[in-house]
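Copied from Swiss-Prot, the annotated features are:
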- Gly7, Ile8, Asp9, Gly10, Ala11, Gly12, Lys13, Ser14: ATP binding site (BINDING)
Amino acid sequence: MYIVFEGIDGAGKSTQINLLKDWLDQNGFDVETVVEPTDSEVGKLIRKILQRPDATTDRIQKTLGLLFAADRMLIMDKLNDDSKVILSDRSFISSLAYQEPAEWIEQINKYAKEPDLVLLLDVDVKTSVNRCSKEDEFENEEFLSKVKANYLDLISNFNHEIIDASTGVNKVSTDIKKAVAPYMGICPDCIR
């Protein structure tokens, strides 16, 4: 099972992945987590470029699109391991939301694995910016607003659940468990 967490920066993806992993571990599932960008040399280069002041320019976004596609190919074996539950912090869907043009992004990611379930953690842009520390903030409010709109347009193309990530950590975690439970053979009504 390949479950992807998507959403703008500051939506709480990392926190919720860790909470879901713990819960799935407790329920006897073999769980592995992945993060995009990865810790590979390509991933490190992506992180470095994201720190640049011009990171949201068209030219840099196209460069990042190529680098993300390359970085993704490095983890394909892990994503294709059907013996485990894979929880991913982002996927090619992030590239579709963040970079353009969409047709080109789709083409360079045509070999990317499609998730079994996408959990879109939805949070307003102001909350996102407030949650991000200055050194972690890659995008401005205008750019994040555009990305959020892109996510909401794209999400219907995938098996998905939209989770209100503006509520408290525990409420978001419970909502995620209820969304994931049926895929894992767990009764969603038993989750509190």
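Counting begins at 1 with the first residue displayed.
Every residue gets a Cβ built from N, Cα and C, even glycine.
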Cβ-centroid neighbours of ATP site Gly7, Ile8, Asp9, Gly10, Ala11, Gly12, Lys13, Ser14, 8 Å, sequence order:
Leu121, Val123, Ser128, Arg131, Ala165
Show which residues of the chain containing Gly10 (ATP binding site), separated from it by at least 6 in sequence, have their CB under 8 Å from its CB.
Val123, Thr127, Ser128, Val129, Asn130, Arg131, Cys132
Non-local Cβ contacts of Lys13 (ATP binding site) (under 8 Å, 6 or more apart, same chain)?
Phe5, Glu6, Gly7, Asp89, Arg90, Leu121
Return the single residue from the binding-site residues list (Ile8, Ala11) that has the minimum number of other CB atoms within 10 Å.
Ala11
Would you mind pulling the DSSP three-state label for Ser14 (ATP binding site)?
helix
Let's check the environment of Ser14 (ATP binding site): how many other CB atoms sit within 10 Å of its CB?
12
